Amino acid sequence: MGLRSTTLVLAATSSLLGGLIFGYELGIISGALLMLKTVFQLTCFEQEALVSAVLFGALLASLIGGFIIDRSGRRTSIMGSNLVVLAGSIILIATSSFWWLVVGRVTVGFAISISSMACCIYVSEIVRPHQRGTLVSLYETGITVGILISYAMNYFLSAVNDGWKYMFGLAIIPAAFQFIVILFLPSKPHTLNFWEQDSDNGFIELEEAGESGEFKPDTYDKQYTFLDLFRSKDNMRTRTLLGLGLVLFQQFTGQPNVLYYASTIFRSVGFQSNSSAVLASVGLGVVKVASTLIAICFADKAGRRILLLAGCIVMTIAISGIGIVSFMVELDSHRDCGSIRSKNTSYGDSNASQLLGIIHAGTPTINTKDNLAHQLAMVIQSPSLSNSAGSKHTASMFPNSTVPPAGPDSNYAILNWITLLSMMAFVSAFSIGFGPMTWLVLSEIYPADIRGRAFAFCNSFNWAANLLITLTFLEVIGSIGLGWTFLLYGGVGLLAIAFIYFFIPETKGQSLEEIDQQLSSKRISKRRETSKGVRKRPSTGPPYQRVGKSNWT
């Protein structure tokens, strides 16, 4: 295996490990919280604070992480995030205080947010155009795999004394591996031939330069300030709006909340035992992984726009279908953080039910992207749904809804299965479209000098929108009902389809310099400009010239 092939494998491994850490940290809290609630006698507020800590850490990282990534370099930022994950994990393992648990989770959230941004940007800069979609999308695959691993660890460690410490501590392993892998990758990639198609097969030429190295090709000479993101210079304001549109539509189509009802839906269609419930949740996770792999295979063939459009169309149909069905079959929407462990429910039963609540990543997920604040901390009530107290509580919260029986009614069986299939379609569509493609496009559309800050700026809106959607979900349901809530998400999906179709340009097969040239024009074409000779546009500046290796030797 040559040097370039080795570097390619290492870049892919680093991207996959980065996503795995992100997904694992998002998913592991679901099982750990069950133990922590008992060990630390956590109140509802404390559970919410503990689960939301990762979100706030990630939001903080999004606000300042861009400056860190642009100033310190991508590779250094990734390595630093690994060390911060190590520090956060040690705090979580060693602590005997609730507030130190919160500090540990904030620390971990900060680290995985920095890593998610730096990984996507670094990999996009280090690989050739025809490999960029695949390699960057590997991060999303890592997220889904990380969540699946967290499912398994939650289940197998639930009966172990101090199992929550092992759950948190296991994150050190992939972080250590990524730290080692990144040591063998270049400090700062530089293109010597603009990734031309007729260059050597495989990997771009790299110059091993220091993190502060000044060598850059002509198209990398431009310097930007943060305020340039809101100015007309090189069409930066439009690029910023494109990035914000993607991350906001990703959240406002309802993906942080739709899977909150996974547990109810699974029970409705007959997944009521411990083993079948866990199997169902893992099965849905497997669907998510498989869908992400499909996105990887087609990102550099079908293109970003096609996958975004296809995914968003299916998501809109699926979420609207769930909304329509919910008018005919009333789903239980009660959740009570005090009932995470019912006195009538075994620990294993609670763990199985809890596992069903976190079946999504985004997001750089990175997911992220999960309904963390409520989906995990305020878990659905125990399987004993038909007790009078629970029914009375639910009736008071949702006067127009009814509590379904523990088992599926034969009259509603078909509708319940339609709901389940719609949810699986929603998960698959997100994993093909918004999940990986949003972060891939964000890593491509900004100039190198400001790419880290621009990515982080958009990512901060992603986390903020996630929190907003999560924290207002119950209030929206109480105001307009579950069915109309999901139909509202469907309406947002229609707007997202129009936004993608009319404004998002195709970037497949183009070098980052070619994409920058395309987006610098006042009018952004949504059609792909082929890399085999980018369509020439009238220009008042110096003509674009191909630079070969001979020019630099």
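Glycine residues also receive a Cβ, built from the backbone N, Cα and C atoms like all the rest.
What Swiss-Prot records for 1-15, 70-82, 127-132, 187-240, 299-305, 435-462, 505-553 is topological domain 'Cytoplasmic', and it gives sequence analysis as the kind of evidence. Residues or ranges marked as transmembrane segment in Swiss-Prot (evidence: sequence analysis): 16-36, 49-69, 83-103, 106-126, 133-153, 166-186, 241-261, 278-298, 306-326, 414-434, 463-482, 484-504. As annotated by Swiss-Prot, topological domain 'Extracellular' applies to 37-48, 154-165, 262-277, 327-413. What Swiss-Prot records for Q250, Q251, W439 is D-glucose binding site. Residues or ranges marked as N-linked glycosylation site by Swiss-Prot on the basis of sequence analysis: N274, N344, N351, N400. As annotated by Swiss-Prot, region 'Disordered' applies to 522-553.
When every Cα pair among Q250, Q251, W439 is compared, the largest distance found for this D-glucose site is 13 Å. When the topological domain 'Cytoplasmic' (70-82) is classified with DSSP, helix, strand and coil residues number 12 helix, 0 strand, 1 coil. Taking pairs at least six residues apart, the transmembrane segment (106-126) and the transmembrane segment (16-36) share three or more Cβ pairs below 8 Å and count as touching. The stretches the transmembrane segment (133-153) and the transmembrane segment (484-504) are not in mutual contact, being linked by fewer than three Cβ pairs under 8 Å (pairs 6 or more apart in sequence).
Put plainly, the binding-site residues Q250, Q251 were compared by Cβ crowding within 10 Å, and the winner is Q250. The highest tally of CB pairs under 8 A with the transmembrane segment (83-103), across 16-36, 166-186, 306-326, 484-504, is held by 166-186. If you draw a 10 Å sphere around the CB of W439 (D-glucose binding site), it holds 34 other CB atoms from the protein chains shown. Helix first, then strand, then coil: DSSP counts for the topological domain 'Extracellular' (37-48) stand at 8 helix, 0 strand, 4 coil.
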